[in-house]
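Trainee: I have a structure I would like to understand better, so I am pasting it below and will then ask my questions one at a time.
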Amino acid sequence: MASASSTLVFFSLLAIPFAVVQIAMAGDPDIVSDFLIPPNATTFDGSFFTFTGMRALVGAQPPSALKVSKASAAEFPALIGQSVSYAVLQFPAGTTNPPHVHPRSAELLFLADGSLQVGFVDTTNKLFTQTLQAGDMFIFPKGLVHFQYNADAQNTALAISAFGSASAGTVSHPTTGLFATSIDDNILVLAFKTDVATIQALKAGLAPKNI
């Protein structure tokens, strides 16, 4: 039976990302021009609207750890004011993108290759999970804690995420505060309105891997 202190720790840690979201839940501001040109831009032609940063992924060897390649306002200034950005997520076998939040945008994930277990927790602490196959899409609502897990011990997975913000932001939730803890499974089951099998799968996915 879990102690009362464990229960208190769990709910205290769960509240962290929602507190952050309440502070940072602001979308991209509207602009009054077609696009914005940074003051330090040296050239302004078709190349300004072109991002070549993903070329390095083509034909490259799979990474040994989770790799997230972003095309956001920081990497691609032409996105400023356009309320859109992308990320490519490469999952080696058995790896996890731990619980995190995007405070300024929902995330629409397209699974291009492999399989992924995904999920998010809503504001009533209900956990929604799904196993995706290549070709599937999944939406993570704006500002909610979510994760992705490649449970396949042999094969990699590749996903592409679209965001409705040029700078969606990422607030990582300490993995020690959710599923990768010694908190009793039954407490997690009640908190997330799910079952023991799901909780144990999430704990397995968030456990440290020797990769």
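Here the Cβ of each residue, glycine as well, is placed from N, Cα and C on the backbone.
Keep in mind that TrEMBL annotations are predicted by a computer and have not been checked by a curator.
The structure displayed is predicted, hence computed values, not measured ones.
According to TrEMBL, the protein has these features:
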type: SIGNAL; residues: 1-26; note: signal peptide
type: DOMAIN; residues: 55-200; note: domain 'Cupin type-1'
type: BINDING; residues: Asn97, His102, Glu107; note: oxalate binding site
type: BINDING; residues: His100, His102, Glu107, His146; note: Mn(2+) binding site
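Give me the lay of the land around each of these features.
Mentor: In the predicted model, the domain 'Cupin type-1' (55-200) shows an average pLDDT of 88.
The C-beta environment of Glu107 (oxalate binding site), restricted to residues of the same chain at least 6 apart in sequence and closer than 8 Å, consists of Ile139, Phe140, His146, Ser161, Ala162, Phe163, Ala168.
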Trainee: Give me the DSSP three-state residue breakdown of the domain 'Cupin type-1' (55-200), ordered helix, strand, coil.
Mentor: 22 helix, 57 strand, 67 coil
Trainee: Provide the number of Cβ atoms within 10 Å of the Cβ of His100 (Mn(2+) binding site), excluding the reference atom itself.
Mentor: 18
Trainee: Name them in sequence order: residues not among His100, His102, Glu107, His146 whose Cβ is within 8 Å of the mean position of the Cβ atoms defining the Mn(2+) site.
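Mentor: Close Cβ neighbours, site residues excluded: Val101, Phe120, Phe140, Leu144, Val145, Ala168, Thr170.
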